[in-house]
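**Student:** Got these off Swiss-Prot a minute ago, pasting:
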type	residues	note
REPEAT	65-95	repeat 'ANK 1'
REPEAT	100-129	repeat 'ANK 2'
REPEAT	134-164	repeat 'ANK 3'
REPEAT	168-203	repeat 'ANK 4'
REPEAT	224-253	repeat 'ANK 5'
REPEAT	258-287	repeat 'ANK 6'
DOMAIN	358-413	domain 'SOCS box'
Amino acid sequence: MPFLHGFRRIIFEYQPLVDAILGALGIQDLERQEPLDDSASSEESRILVLTELLEQKAHSPFYQEGVSNALLKMAELGLTRAAAVLLQSGANLNFEDPVTYYTALHIAVLRNQPDMVELLVRHGADINRRDRIHESSPLDLASEEPERLPCLQRLLDLGADVNAADKNGKTALLHALASSDGVQIHNTENIRLLLEGGADVKATTKDGDTVFTCIIFLLGETVCGDKEEAPMINRFCFQVTQLLLAHGADPSECPAHESLTHICLKSFKLHFPLLCFLLESGAAYNCSLHGASCWSGFNLVFERLCSHPGCAEDDSHIELLHKAETVLDLMVTSSQRLQLPENLNIHPVGSLAGKIQALHASLRQLESYPPPLKHLCRVSIRLCLRPWPVDTKVKALPLPDRLKWYLLSAHSDTQDTC
């Protein structure tokens, strides 16, 4: 078996040379290695000992395998001077660890050694090479942990292909998103760096995963997961969504289960802040590819209202109604001419059924008449103030308070058509 054969070669063939190289550098145990004396004289003496050793062993059997394996150790420890000597002495940049199949460049990234990364690339290491087991490129590995941000920056500076994908279509941006849990791993800065480096927000894997797949999954975790973790996850999802939309991502595309806007509309009470941000940032409240015939925000909001019978003293239902009014108002002020879906039929029940019917009737009335001038002005001003936060920008306008009050979301009477 190739794996066992490679492992045997470490023990019986070139491991003695590797041990001698490590010993020359004062390294006895990689797992328990104390920081080396980094004074100039001490480092020079170690490099001198290493150089002499390599000259003595230059014609020994399995010499190149030994120095190449030792290069992996230098990459792990970030010993750039020693690595440079090994490279000059014949170390192979493409040599793979017999167990992990990582090259020195992969290992340098995993250990967050940006100077080592640059040294290896400058000496000809393939900056986009993928390992044989996971098909991960150095950029993929750098994107997966916040601590590897320095390596991520260095790789991008050195020309790594930010949109290179593995055989399944997964790019470094999708790696950064998929590796984030919103609690312990926050890859926000990694994601920001990749986007600023030109990462494609439309990247999609063969399984259909998009840049919003991770966010949708994490939002689902807030519903049935740890209540203490939910605020952290929501904050992470909000920040990443901001970044994605700023770089042109469309949260309203099909299919519906991969549409962040659709998910937030369906559970608008739970994801209210994020939904308001999406709508204020210009996200379509219908399917952006096929329109309302595919799915419509108006249908989703009223379906949610009608599925909650409630009672007169039910605070949760009153809160739901207030949030629905705000969301509907944001949708109304997203376009100068309101066009409701043809199949928007509602059948509310419970004590608040009358208010839901009135809300529906006000929208139908607004649709059936030419929009009043003040509505057109409100829509135009709010569109000019995009992106989010529109309400904050409204409050900063040099306008009378009454006019600001009308411009703010959910503060105008949707039944007023004069």
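First residue shown is number 1, and so on along the chain.
Every residue gets a Cβ built from N, Cα and C, even glycine.
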**Student:** Mind pulling out the one from 100-129, 134-164, 168-203 with the most Cβ pairs under 8 angstroms to the repeat 'ANK 5' (224-253)?
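**Tutor:** Counting Cβ pairs under 8 Å, the winner is 168-203.
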**Student:** Which numbers of helix, strand and coil residues does DSSP report for the repeat 'ANK 2' (100-129)?
**Tutor:** 16 helix, 0 strand, 14 coil
**Student:** What same-chain residues lie close to the repeat 'ANK 3' (134-164): Cβ under 8 Å, and 6 or more beyond its ends?
**Tutor:** 105-106, 108-110, 112-114, 117-118, 121, 127-128, 170-173, 175-176, 179, 185-190, 193-194, 197-200, 203
**Student:** Give the nonlocal contacts of the repeat 'ANK 4' (168-203) in its own chain as ranges (CB under 8 Å, at least six residues past its ends).
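**Tutor:** Counting only partners 6 or more residues beyond its ends, the repeat 'ANK 4' (168-203) has Cβ contacts under 8 Å with 135-137, 139-140, 142-146, 148-149, 152-153, 156, 162, 209-211, 213-215, 218, 221, 229, 232-237, 239-240, 243-244, 246-250.
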**Student:** Checking distant contacts: for the repeat 'ANK 2' (100-129), what same-chain residues at least six beyond its ends satisfy Cβ-Cβ under 8 A?
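**Tutor:** For the repeat 'ANK 2' (100-129), the sequence-distant neighbours (Cβ-Cβ under 8 Å, at least 6 residues beyond its ends) are 71-72, 74-80, 83-84, 87, 93-94, 136-139, 141-142, 145, 147-148, 150-151, 153-155, 158-161, 164.
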**Student:** By DSSP, how many residues in the repeat 'ANK 3' (134-164) are helix, how many strand, and how many coil?
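**Tutor:** Reading the DSSP string over the repeat 'ANK 3' (134-164) gives 18 helix, 0 strand, 13 coil.
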**Student:** Can you tell me how the residues of the repeat 'ANK 4' (168-203) break down into helix, strand and coil by DSSP?
**Tutor:** 16 helix, 0 strand, 20 coil
**Student:** DSSP says what for the repeat 'ANK 5' (224-253): how many helix, strand, coil residues?
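**Tutor:** Secondary-structure composition of the repeat 'ANK 5' (224-253): 18 helix, 0 strand, 12 coil.
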